[in-house]
Structures are given as C-alpha cells and as structure tokens.
Amino acid sequence: MRQYLQLLEDILENGVEKEDRTGVGTLSVFGRQLRFNLQDGFPLVTTKKLHIRSIIYELLWFLKGDTNVRYLQENGVTIWDEWADENGDLGPIYGAQWRSWKGADGKTIDQIAWVVEEIKRNPNSRRLLVSAWNVAELDEMKLPPCHYAFQFYVANGRLSCMWQQRSVDTFLGLPFNIASYALLTHMIAQQCDLDVGELIFTGGDVHLYKNHLEQAKLQLTREPRPLPKLVIKRKPPSIFDYEYDDFEIVGYNPHPTIKAPVAV
C-alpha cells in the first residue's frame with residue numbers, strides 16, 4: 001500500500017488550499033489514479049488500523065438496496081449517522097441507485113443484478129458499468145455519491161474493477177473505498193467463476209482536510225506491512241446472499257489507529 005502513502009505525500013507537497021462545503025478547508029489535487037494487483041493480497045491500509053466491520057457491513061447494506069442507517073446501527077456501524085435524518089433515512093443514495101434506479105418508463109433497474117449476469121453472458125462487453133450519479137435525484141440525497149460509478153473488465157479469466165470518485169477524503173474515506181471495492185470485486189468474481197485482477201481508483205478532487213494534516217504526516221512515518229488475505233468461506237446462491245460471517249481477513253497486522261474528525 002505504498003502507493004497510498006505516496007498519494008498522501010503528493011497532496012501535502014502539491015495540494016492547493018481550497019474552501020469547501022464543510023467549512024473545514026482542504027489541501028487538494030485534481031485527477032489522481034492508484035492501481036492495486038489483487039493477486040498480491042487484500043488492499044487494506046496497514047499504516048493505521050481500519051475498522052473492517054464497518055467496511056463489510058456498509059457494502060452488504062449497499063447491496064441490500066437499503067438507505068436507512070438502522071441496519072448499520074444494529075450491527076455496530078455508525079459511519080453514516082452524521083448524514084441521516086431523525087428517522088435514519090438518507091434519501092436515494094448508493095443502495096437505491098445500485099438496486100432500484102428509476103427509469104423514464106417508471107420501472108426500476110437493478111444495476112447490480114444486471115452487471116453480474118452480463119459479466120457471465122458477455123464478459124468482453126465494454127458496458128459492464130454501474131452508476132450512482134442519478135442527476136434527477138441528487139437533491140433528494142443527504143449526500144450525493146462521492147464514488148459515483150464503477151466498471152468491470154474481464155481478461156485472461158480475471159475480473160478487474162475501476163471506480164470513479166468525484167470527491168476523495170484521502171485520510172479517512174479512501175482507505176475504506178479501496179477495501180470496499182476490493183471486496184466487491186472478489187464477491188462478483190466468485191459469483192462469475194473468475195479470479196481477481198486489478199483494482200483501479202480514479203479520483204477527481206483528491207484532498208486532505210486541514211484537520212487531518214498532522215495525522216497524515218504521522219502515518220507517513222510508518223512503514224507499510226505485508227497485505228492480508230481475504231478468505232470467502234462459501235459461495236452463496238447470488239451476490240445478494242453474502243453475510244458478514246462469510247468473510248475472513250487473514251494476517252492483518254496494522255499499526256495503531258489514528259483518530260481524525262469527520263467533516264460533515
């Protein structure tokens with residue numbers, strides 16, 4: 001995960017100061033890419049400890065099509081609480097767009113079910129794409145999608161994934177995003193009887209919040225450790241039937257947690 005540390009260095013050295021919606025302010029660079037070979041291990045940042053439970057449950061929540069934080073809270077995950085309304089609702093965010101995009105004809109489109117079946121039917125397709133950026137519903141979302149689209153690519157029996165992100169909280173958010181899309185790629189690869197290939201991140205406004213700068217500098221003093229491995233204990237009937245206990249991260253030996261405030 002040295003490439004992640006190099007991105008932190010890039011922002012600290014080359015970032016421009018920008019004001020932002022949260023009022024905190026950022027150091028920002030534009031247009032960056034990271035690549036991870038999933039054959040080399042599961043890309044969990046090791047220079048600080050990540051809350052794996054939150055990463056797994058959030059992805060399962062997305063795949064359920066759920067947009068209320070109740071399921072997350074019941075499973076000890078609070079990462080979406082700051083944006084939810086008094087009833088726990090977040091509007092038509094990721095889960096709604098992934099599982100029930102509203103078409104012009106009034107019908108809903110399950111993009112996840114479609115892309116899994118299309119990978120099986122037509123792995124050479126250049127349309128293996130899922131989007132969460134529904135312009136017609138952005139104003140109804142408590143937080144418009146930061147990671148707004150992802151695309152799959154099949155070659156030599158391996159499934160690769162590239163996701164696009166308009167806004168990147170590099171210290172707190174990006175390590176979660178990397179692990180989440182790695183997990184999704186492993187799950188879909190298993191469902192399609194493929195091995196895993198590359199994971200590619202493409203970011204637009206890639207930033208460090210000004211109240212994360214010292215934490216980033218501390219992280220840069222730490223040496224990366226070997227990547228863990230992901231074990232999926234069973235193959236469920238569909239992409240929607242995975243459970244938390246199906247996943248085991250083996251050999252994760254991170255440096256201690258580095259706390260930082262969330263910019264809301």
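Keep in mind that glycine also has a Cβ here, set from the backbone N, Cα and C atoms.
Annotated in Swiss-Prot:
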- R21, R126, R127, R166, S167, V168, D169, N177, H207, L208, Y209: dUMP binding site (BINDING)
- H51, D169, A263: (6R)-5,10-methylene-5,6,7,8-tetrahydrofolate binding site (BINDING)
- C146: active site, nucleophile (ACT_SITE)
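Swiss-Prot feature annotations superimposed on the structure.
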residue	record	DSSP (3 states)
R21	dUMP binding site	coil
H51	(6R)-5,10-methylene-5,6,7,8-tetrahydrofolate binding site	coil
R127	dUMP binding site	coil
C146	active site, nucleophile	coil
S167	dUMP binding site	strand
H207	dUMP binding site	strand
A263	(6R)-5,10-methylene-5,6,7,8-tetrahydrofolate binding site	coil
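A gap of 13 Å separates the Cα atoms of R21 (dUMP binding site) and C146 (active site, nucleophile). Rounded to a whole value, the Cα-Cα separation of Y209 (dUMP binding site) and C146 (active site, nucleophile) is 15 Å.
Of all the recorded positions listed here (R127, C146, S167, D169, H207), D169 has the Cα closest to the Cα of H51 ((6R)-5,10-methylene-5,6,7,8-tetrahydrofolate binding site). For the pair H207 (dUMP binding site) and A263 ((6R)-5,10-methylene-5,6,7,8-tetrahydrofolate binding site), the Cα-Cα distance reads 12 Å.
The two recorded residues, C146 (active site, nucleophile) and A263 ((6R)-5,10-methylene-5,6,7,8-tetrahydrofolate binding site), show a Cα separation of 14 Å. Sequence-distant contacts of S167 (dUMP binding site), defined as residues of its own chain at least six apart whose C-beta falls under 8 angstroms from its C-beta, comprise C146, G204, D205, H207. For H207 (dUMP binding site), the count of additional Cβ atoms within 10 Å of its Cβ stands at 26 [all protein chains shown].
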